[in-house]
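Some notes on the structure that comes next.
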Amino acid sequence: MKKIGVLTSGGDAPGMNAAIRAVVRKAIYHDLKIYGIRYGYQGLIDGNITEMELGSVGDIIQRGGTVLYSARCEEFKTEEGQRKGIEQLKKHGIEGLIVIGGDGSFRGAEKLTEKGYPCIGVPGTIDNDIPGTDFTIGFDTALNTVIQAIDKIRDTATSHERTYVVEVMGRHAGDIALWAGLADGAESILIPEQPDNFYEVIEKLKRGHERGKKHSIIILAEGVGNAVEYGKRIKEEAQFETRVTVLGHTQRGGSPTAADRVLASRLGARAVDLILEGKAGRMVGIQNNVLVDHVISEALAQEHKIDLDMYKLSNELSI
Ligand code: ADP
């Protein structure tokens, strides 16, 4: 293999740049030519492809977002879209591809692999919802963004003796809510993996109030429901002054934490090694602090599991 490509696809995540840097530098270290494909699979179809040098990835390890930009591309889900992408790969002589993104992006990588273009997936998403890895690139940064915000909310919540409902990202996975809740000592954590326990939440709020607590923080993952509605229900049921904050896309940005930069560097470099070893249709990951790789289809057939022991612990610590 002499020429490989790299793209970022789907939802962006802090640390994607550190992963791109690792892929580019590791490829050049192995005397490969490395091409950057902008705007994910859309850019692949459009031929938005340029060769990258050592300097192309200078001064990006600390930046959020992705210098290769990202996109969603419905056309690539079709045979015709994939054929167009392959034509571009042929035109540039690119023999293998590293795809940094979430599970949707990995499905695209699988399709290309089936059609004879070896791909390796690098898990980049703030949601931490990809099976086959304990952590995804961007999760730690998003988590730190959330806890910094909640620390600030806590100050004002105390001054005014208020209950706050804070909505964080996570349509299907409650990892951000769970970890942020434990890290921030939230009174209640609402995640899609657990049944709604509204009356327990209310009971806990009342108990806290009777003990003289000045504030309460409830963290709600977006997949559970609407935070504004939830805040209204609390106010109606318990008559507590309730405010709602939706953290939204702040969670997607910002300079990646050290943990995300290190993870991205390790996973990006490992992906290049795998492609050089002739592996294809696999994703890299980290499990028990050891780098691993799995067949994409086998990994994605598993269900992402949240750590329910942590959920139990957060309840025990916030009695
Ligand atoms: P993420 O990678 O963050 O999960 P998406 O699910 O939006 O984000 O997927 C990103 C892109 O990956 C899609 O816009 C599409 O181009 C490509 N993709 C997703 N699913 C498939 C599929 N089944 N076949 C081919 N390409 C796909």
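Including glycine, each Cβ sits where the backbone N, Cα and C put it.
Caution: TrEMBL annotation is automatic and unverified by curators.
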> For the ATP site that TrEMBL assigns to Arg72, Cys73, Gly102, Asp103, Gly104, Ser105, which of Gly11, Gly15, Gly36, Gly170 is also named?
Replying inline: Gly11
> Which of Arg154, Arg233, Arg243, Arg252 does TrEMBL put in the same ADP site as Arg21, Ala22, Val23, Val24, Arg25, Gly185, Ala186, Glu187, Arg211, Lys213, Lys214, His215?
Replying inline: Arg154
>> Quick check for the class: what is the C-alpha distance, in angstrom and rounded, between Arg243 (substrate binding site) and Arg21 (ADP binding site)?
In response: 41
> So which of the binding-site residues Arg72, Cys73, Gly102, Gly185, Arg243, Arg252 sit close to ligand 1, that is, with a CB under 6 Å from an atom of it?
Replying inline: Arg72, Cys73, Gly102
>> Excluding near sequence neighbours, so keeping only residues 6 or more apart in the same chain, what lies with its CB under 8 A of Cys73 (ATP binding site)?
In response: Ser9, Tyr39, Gly40, Tyr41, Gln42, Ile45, Gly81
>> Can you tell me the CA-to-CA distance separating Met169 (substrate binding site) and Asp127 (active site, proton acceptor), as a whole number of Å?
In response: 7
